[in-house]
Structures are given as structure tokens and as C-alpha cells.
Amino acid sequence: MLSGVPDMDTEQLNVKNRKMRVCVATCNRADYSKLAPVMFALRDDPDMDLQVVVMGSHLIDDYGSTYRMIQQDEFEVDGFLHTIVRGEDEASMAESVGLALVKLPDVLVRLKPDLLIVHGDRFDALSLATCAALMNVRILHIEGGEVSGTIDDSIRHSITKLSHYHACCTDRARRRLLSMCEDNDHILLAGCPTYDKLLSCNEKNYDNVLSKWVGEGVKPKDFIIALQHPVTTDIKGSLKMFDLMLDALLEFNVKTLVLFPNIDAGSKEMTRMIRLRGLEHHPNFSLAKHVPYDQFIILLANTGCLIGNSSAGIREAGAFGTPVINLGNRQIGREAGENVLHVRDADTKGKILHAVNLQFQKQFPCSYIYGDGHAVQRIMKFIHKIKNDLEKPIQKSFIFPPMKDTVSQDIDHILETQSALAVDLGGTNLRVAIISQQGEILHKMSELTPATYEQRMDLLVRMLVEATSKAVELSCRILGIGISTGGRVNPHEGMVLHSTKILEEWSSIDLRTPISSKLHLPVWVDNDGNCAALGEKKFGKGKGSEDFITLIVGTGIGGGIVLNNELVHGANFCAAELGHISVSMDGPDCMCGSSGCVESYASGIALQREAKKLHDADELLVPGVHLREGEEVTGKHVIQAAQLGNKKAEKVVETACEALGLAVCTLLHTVNPSHIILCGHLAPHYVDGVREVIQRRALPSAASSIQIMVSDLEEPALLGAASIVLEYATRRIY
């Protein structure tokens, strides 16, 4: 061992009896915004000893002397390192890496960290990872596995190979890390730490921020933010693009905040272009070397458009639905929401100006591709797990593609289970569940459905918040929320358009927006019958079938129709209102306002109505049917009575089966499915009767081929709501 270099084997002895030394090295304004939330958590953790190293452009006045942010946050800094060789060209970047490698060993020898946390893809971070790896210091790399389309990719992936642990932001990044032979045990799908702060900020508190950085009297959405960095693999092309962008913004002629570029090669020329145009004196332009992050996200949430090639346009802007114009190829490989308009070949002012006209002041749905607000909680849990590894050998292992005689992956190797929050909002009960990709219900809660809209929404949000906390305990990664609800639903807008009297105050209700805003997760909404069909398609007896119908018989009657492997919604989302198929010209009144519907004969409410009639006439109870004092008469009592030989109760059930069978015959003759799946608590009591009616009343060709079956799924509506999320979350389709 070289003199002065810590013997890590000796240093780690009895590590469980002392605090874990975690060193966070920050190099610039951008990485500090990602690292600061983790640093606060480390500082507050009694089992952690936070060490802070400040280097890179933090210490340069031309880039805002941003080390002051760290001091303002009251972090005790263990080392300031001047590591930047000025020049802002390719040679100076390489020299800066070398200078950092000369200075860093002394700091690591002094601090003796158990773990070094590095972020992202900057050349400074490459120096940190190289030095730590050579000195046998474990490395946790944040935001690995991403693709942006420049030299940053090469640097980022190099840091990945040097790092022992990885906290990535998206499932696609996680899969890239696995394809790079990283150990799944050492990969955490955390989300971006900035989202923990970003999703809790009050973006409406904008007056002082807009006045300070854009100008007095500027209103939200009336200004543009321009933030463009040089592309080191095409400096000449990126300078031309920057020049054209400034010309386009001058012609567009609205208030514009221009943030100076980073320290990469070419930034000096970009700054010169700003000065030559005299933008610091232009009435419509404001310039800033640095904006504190909490103020930057307020600007980002309230701008009419962000233009340039910053990752902030791809990552943070999506959480607010802010329009973005991404110029060139610098971020082209990143996962982006629909708010981003790419202008890959921004080779004319007219093309850029056209893009600005298209995007300015538009509003897009919020997307949460990069986080859900729980990243720091996951990262801290991960670091505590790393502490248990400190007494193990530091040698990194690579997991190469499967070969003969290798052991397949075990479930214990999966850090987090990809899951959905599923909601079944029915006339009687409101239920919320955490459901895995395999259809396993990991956790379920149930409450009685409140009578009013306000009470219903309050309870739903409370239950969802409780479920998200439980998901973290269960190591579940929630991909989104799927809601199954009664009524006519527009799934594209997440709106309940109309509901029957089973759900009062449940018409023209926007479910997606308030829940997505509160939980910071994408939300899908559909009718409960459609959800049951989707649940059968993914997990149940509809799996592998292209044409089938699901018929739910519970409190009410509903269903879903799958034809040619697609769920049928209809022209105005009225398809599969199966409970309102008319089976009689003059039947009982239905909750929909009509009469003679199958729901008025065969639903739980209809059976309860008939049971009460029999009970009032003292014709319901027979030996074996018990009604406790104060107990309400329900449909189950008439079914029990029929099973025990009560002739009048038998007649009620036979009538219900006849009505349901006639409705099924109508479906057979209209749609001709391969099978019909009965769901709900009444399904087992109806299935034989329905089959008998079909044999009597359906066309022989239809009756001979149809299969009538009872669902095996315990919770078809919940599983269907989850299946929407699990099928579509990664596609980012709303």
C-alpha cells in the first residue's frame, strides 16, 4: 500500500459501530440541484456523517460563484478545489480533468469516505469517479443509464463502469444499466431527487420571482426562457444554432430571460454572441449567470416556453406541462413528454421561429417520467443497505449475458416491484389496492363510498396518499393510478360524464386532474365494466382471446366488450352499458330513468327490492334464512331463501336469470363473441340459469359455440384498473 493512501480493509473494521462517512462532491449549479435534497437527508440522518467537497465551476465568478448556494444552505464544506483550467475549449476540458485528478487524492486520503456520491455526466464527475475507483472508495452514481446524444453519453457510461452502485431515474435507464452488465442488486430505480422539491413547490407564488429575473409587471406565460449549452462534439454547428436562436427570439419580440451556458468548450464564444448583440441593454431581454433552483422552477412553471438544449426542458419542464423547444441533438436520446418539440436540424431562423410560434403559451398535460417525489426516501434506504456491504470485498462484479449453466435471476434480486395503484369506486364501497405487474394484490384498503362528491374525493385522495406511503414500505415502484368507476366515462380526458342514481353527484367530474396534481402520478380512468374486461384480458379468462364480453352483476349491472383485441368505447363512450339493455316493454323502473332494463331485474338492487316485498308480506324467511335484529334485507336473503326451497324467492331468481339470459342473447346476436365472462358476487347464482335461457332463446348457431363462464378473478375491476396502468404507463399514453 502506498504511503498516505488509506487501507480500506482496515478502515472498514467495525463500521457498524460508527457513522457511515458519505462524501458528496458537487461541481456545478446543475448537479447541486440534484444532490442537495440527498445532502439534506444525509445531514439529518444520525447514522450518517456527511462530507462535502465543492469544485469545478462553482468557484468561478463568470458562472455565478454558485458555491454561495451551498453556504446559504448551511452545509459544512470539507474541501474547496479549484479544478477548472480556463479557456472553454476542448484542451482546457481535458486539462481540467487532469488537474482534478492531481488534487482529489489528498482530499480522499484526509476524509476517508465509505461512499462517494457523484452525479450525472460532466467531465468533473469523471475525475471524481476515476480517482475514487483507483483509491478503493465505493461510488454511488446518480442518474446513470440515460442517453442524451452527445459526448456526455460517453462520460456518463464511463462513470457507470467505474461506479459500484447506481440510483437511476427511469425504468428505461435501469434496463440500460442491466444491458451494460451492471448488477441488478446494485441498481435502484429512485426517480430524480429534484422532483422531491419540484413537486412540492408553490409555482403560483411567482410575482417576486418574475419581477426579479424577467421584469416588472411580467405575467405568467408572457415570457420565454432561453438556455442553450455548447455541444462539444460539434462546436461550430452549436454556435451557429445559438446565433440563429438569438435572431429568432429578437424577431419574436417578447420578454426573454437568457441564462448563460455551462463551462463546456464553446461557451466563451456563446457569451461573446450575447454581448455583441447588446442583449444586456435590450428592453425585452434579461440575462443571468445563475438562478437559484427554487426560483428557477417557479420560472420554469410559469414561462410561455423554454427554448434551447438544456436537460431541464426534458426533465423538469414536463412536470408542469411547460412547452419546450429542444434545438439540435444534445437531448435527443432522453425520454420526453408531449410538451417537447424537437428541432433536430435548427439550420434556419425561420424554422426556429416557426417552432416558437407553435409552442409559445401552449399548455400540455403534466408528465412525471423522471420522478414521483419519493426519490430521496428511496436513496436513503439504499445507502443504509450499502452500509451493510462495507465489510464485503470492494471488487466490482459485472453480470454478463446469460450463458450455459448460469443461475437465473431470483425474485429477491429485484429491488422494487413495478406496480400500479388501482381504485374501484362503486356504489357501495371505495377500494384502493397496490397491484404488481403479475396481478398480485400486495395491499388493499376498503371504505364505504361517501354520499357526496366532496366527501368522495377527500376520501379517495387520503386513501391514495396512504397507499403511496405503503408502497414505499413494500418496495413497490408505482407507475401510475388506474381508476374504475361507475358511470359513462371519457377515458381520454379522465372525465366521468354521467352516472345513474347509484352514484349521486357523479356527473361532469374531472377525476384525472386533481388526483394527478396531488399524487404527482399519471392517472387513467375508465368505466368499471370496461375495467373488468381489461382485467380479464390481462389476468383472467379473456387472456389470449380476441373477442369476448365481460358482464358484471353486482349492485348494478355493467360490462365491457373486447372485439379484435381492442376495448370498445363507442362514439360517445356509451358502449357496453349492458345493464340498460331492454328486456321488457313494461318492466320495473330502472335507476337510469327508463324501465324494463336488465338491471331492473337482475342487479343486487333489483333483488333487494323484491326481497323487501317478500319480507313485508312475511313471505321471505324460511328455516335456514336468518335476519338479525336491525339487519337490512338484501339480495342475498332472497337467494338464500330460493336455495332453501322458498318458491316465491325461486321465482324472483328465475326471473332475474331469464332477464339476464335475454340480454346475453341480444349480445350473442349482435356481437357474436367467443365467450361471455360473468363477474361479480351474483355471477355464480346466475350462470346455470343464463345457459339454460340461451339454449331456449338464442339462434342455434350462436348458442352452440358460445361459452358462458364465471370469472376466476377475485377483484376484476381493481385488476382491470391496474392493467390500464401496467399496459400503458411506459408508453406515456393518456
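Glycine is no exception: its Cβ is also placed from the backbone N, Cα and C atoms.
All TrEMBL annotations are machine predictions without curation.
Note that the structure is a prediction, hence the values are computed from the model and not measured.
For ASP528 (active site), the count of additional Cβ atoms within 10 Å of its Cβ stands at 29 [all protein chains shown]. Here TrEMBL flags ASP528 as active site.
CYS597 (Zn(2+) binding site) has a Cβ environment of 29 other Cβ atoms inside 10 Å. The Zn(2+) binding site annotation in TrEMBL covers HIS580, CYS590, CYS592, CYS597.
This prediction places the mean pLDDT of the domain 'UDP-N-acetylglucosamine 2-epimerase' (41-383) at 91. The feature domain 'UDP-N-acetylglucosamine 2-epimerase' is assigned by TrEMBL to 41-383.
Taking every protein chain shown into account, HIS580, CYS590, CYS592 are the binding-site residues, and of these the Cβ with the most other Cβ atoms within 10 Å belongs to CYS590. Distance noted between the C-alpha atoms of ASP528 (active site) and HIS580 (Zn(2+) binding site) is 15 Å.
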